[in-house]
Every structure is written in structure tokens, then in C-alpha cells.
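Right, one structure below, let's go through it.
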Amino acid sequence: MELSRRICLVRLWLLLLSFLLGFSAGSAIDWREPEGKEVWDYVTVRKDAHMFWWLYYATNPCKNFSELPLVMWLQGGPGGSSTGFGNFEEIGPLDTQLKPRNTTWLQWASLLFVDNPVGTGFSYVNTTDAYAKDLDTVASDMMVLLKSFFDCHKEFQTVPFYIFSESYGGKMAAGISVELYKAVQQGTIKCNFSGVALGDSWISPVDSVLSWGPYLYSMSLLDNQGLAEVSDIAEQVLDAVNKGFYKEATQLWGKAEMIIEKNTDGVNFYNILTKSSPEKAMESSLEFLRSPLVRLCQRHVRHLQGDALSQLMNGPIKKKLKIIPEDISWGAQASYVFLSMEGDFMKPAIDVVDKLLAAGVNVTVYNGQLDLIVDTIGQESWVQKLKWPQLSKFNQLKWKALYTDPKSSETAAFVKSYENLAFYWILKAGHMVPSDQGEMALKMMKLVTKQE
């Protein structure tokens, strides 16, 4: 057993060495990958709408990729790039400095990164009318892409396929999963759809907004007056949502965040133990000052495409991929993606999750302890609104502590699971769980995909 383990480790180091030697000697970022380990392409999902995907085949030294699951990663925003942020900042084989990531998911799954909705990352549209404006369009576009992908890559049709997501990507993942389940049942898409994981997901926006005040107050980041102000604007958001005024609710959501920033001395919405970074020059423009929506875009999209990542994607990566149109820059259309979805932001998707549970689809909810924008209190709140018949039995269970190492005594997370619903409480993590707690995120992925 020990000899087998050592052989696996040696093979892993050889794979890693060959991966790194693929870089040219003259430039640490101009590399050539081993044949067959990566593929990428565009799919025209609608007229004037072109979606980009990038696949990494699993590199486990002891198993063939066909023995491991395929994981599709969906970023948030909307407008955040999976091929960029998800890949180089969270779970891909390399970081933005092109150094190996110790907690990459690639040893345990093949990874499919998709820039979605259209206009995100390297995906692009030819006309402004082609941007997606709602969840239905997002899901429909993804069905076109997935059909094309599985038709062209039949080697993955029988491999367990999971969708993992983050933030607004979770809302999109839920809608996509419902349509994918239908397509698989109807035989229009051939794949072994095995489950969806919703990470710090914007499933019920109003439950998140309503929980911000109590959460911040409990963490000593609001006083009584601040709590009253935040609670007041949260009630306005609730009223707008109840009346179906979703665009108005989005504007009020933006105002709520401004009130929180003022009262907390600039708390970071993605990790409450850090401060927000200084905002850039464009924020002083008249457009910015009069538009809460532009401010939302600044906060929730631009942090997903920092300078280092943008330079990497628009430089060495674009050169490597070779198929990106010359006039397309990574992330250039992200703001338009975000603004086009204005009417969809505050719509709840609890009923979508209920459909998945009723269909028997495995649903995992996971959340970072230090996240504010989608805090755990809000997640727990919408879960309790599910109409799933087994919810009472789920609630009766006691959670189980998880550790990243069997020898460790430090609790890394808690989990509760019953039938096809699981909930993970990830400790010491903010909104981007794999970035903050890479080892625990990897362990969770292995648990969800039944590898532990």
C-alpha cells in the first residue's frame, strides 16, 4: 500500500514537472501544454452570441480522466469569468503568477470553465440586443453549449457530471440544472448529470439583504443606529420584491450596500474581516454618483478582473488560445452583462431549487462563514422556505464536523446531509471559498462527487 502511494506521488511530480517544462525558457508565461490535456472552443448559442469554454482533463497520477468526474465551474457577477477568476484565482492548476496551485481540483476531476452569460470573459456578442436579460435565456444558452460539448466529446458522456458555482453563478447553476435534467430525460443531451453545488449563491436575494443588519450587528460591525438604518432599507427592498418591482429592488439593494459601507467604515462584502480596497477614479464621475446600479457593477464585477488577472488573460492566455478574435478583450463586455440582468437580480430562485430536489437531483449548498453579500444566515433562511417534503427530517439531523487532515484537531467546516440535500458551513472563508480555504474546498468537492 505504501509502495503504491509512493509510485503515485512520483508520477504526480513527473506530471507537474512536465507541465512546468511546457513553459518556454524565455518567458515564464508562454507555455505549450502536453498534447490532449486541454481543449477550448467557442459555441454560437444564438445569433450574435458566442460562448467560450475551456476544458482541462484530470491529471490524477493513479487514475485515467474517465474514472474521475467532470466539474463545470460557473462564476458570479453576473459578468465574472470562470476561465479567468475561477481558473487562475480559485481551482485551476495555476495561479495568476502561473505557479502550481496545491489545492487545484484538477487531480480529482476534469474541469470545464465556461464564460457565461454571453459577454463574460472571452465570450462576446456582436450586438447589444444579444446580451441575456434573464435566467431563462442564460439556461437556454447553456443548453446549446452543453449539447455541443457532449456531442463533440463523447468520452465525457458517461462520466459523472457536476455543476459547481459561486455567487450569482449559483442562481444560474440552479436554472441551468433544471433545464439540463429535462434535456437528459428527453435524450437531447447525453451526459451523466450527477448534481449541482450552490456556493454562497444568490438564490434568494431578499433573504440575504434582510440578514445583513443582524449579521453585522452580531459581529460588532453595526451599532443600534446603524442596524436601524440597514433594517429600514432592507424592508424597502422586501416591499419592492413582494410587489414584483424587481428593477426598483435592485436600485434599493445598491442603496443598502452604500448605507452599510457608511456605517461599517467600509466593510468588505466578500470577507468581513478585511477592508474594501480603495475605489478607482471612475467612481467620481457624475454617472457613478447618480447610479447605484453602476456602483453595484463596480463592486461585484470589477473585483473579479483585477489588473494582474486582466493582463494575464489579455496577454499570454489570449496568445496561447489563438482563437480569440483580435477585437475581443477579456472582460471588456462584463459591465454590459451585469447591467443587462438588472431586472433579474432580485428575483428569487427558491422554487427552482425545489424543482431540483423533487426531481431527485443532488443539491449541495455551501457557504463561507465570513461572507457578507450572501451570508450564511440568509442562506439558512431560504433553505427553510423550501417545500421539499424531507426538510423536517433534514432539520432534525445534527451537523458533523469536518477536518482537512485526519490528524488535525482544527474544525474546518460542518456538514448536514439528508437524501439529496446537503449543506456545508465553511469556517474562516468569505465569499470565495476556494480562494480563502482551498484545502477545505477541495475536500468538499471530493465529498460531493463521492470520492471520500
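Cβ atoms are placed via backbone N, Cα and C, with glycine included.
What Swiss-Prot records for 1-28 is signal peptide. Swiss-Prot lists N64, N102, N126, N192, N362 with the feature N-linked glycosylation site, giving sequence analysis as the kind of evidence. The active site annotation in Swiss-Prot covers S167, D371, H431 and is backed by sequence analysis.
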Where N192 (N-linked glycosylation site) sits in the secondary structure, as DSSP reduces it to three classes: strand
Around the Cβ of H431 (active site), the count of other Cβ atoms that are within 10 Å: 26
Which same-chain residues, if any, lie at least 6 apart from N126 (N-linked glycosylation site) yet have Cβ under 8 Å of it: D48, A49, H50
In the chain carrying N192 (N-linked glycosylation site), residues 6 or more apart in sequence that have Cβ under 8 angstroms from it: Q157, T158, V159, P160, F161
Candidates N102, S167, D371, H431 (recorded positions) - the one closest to N64 (N-linked glycosylation site) by CA: N102
Greatest C-beta neighbour count within 10 angstroms, which of the recorded positions S167, N362: S167
In sequence order, the recorded positions (N102, S167, N362, D371) whose C-alpha falls within 10 A of H431 (active site): S167, D371
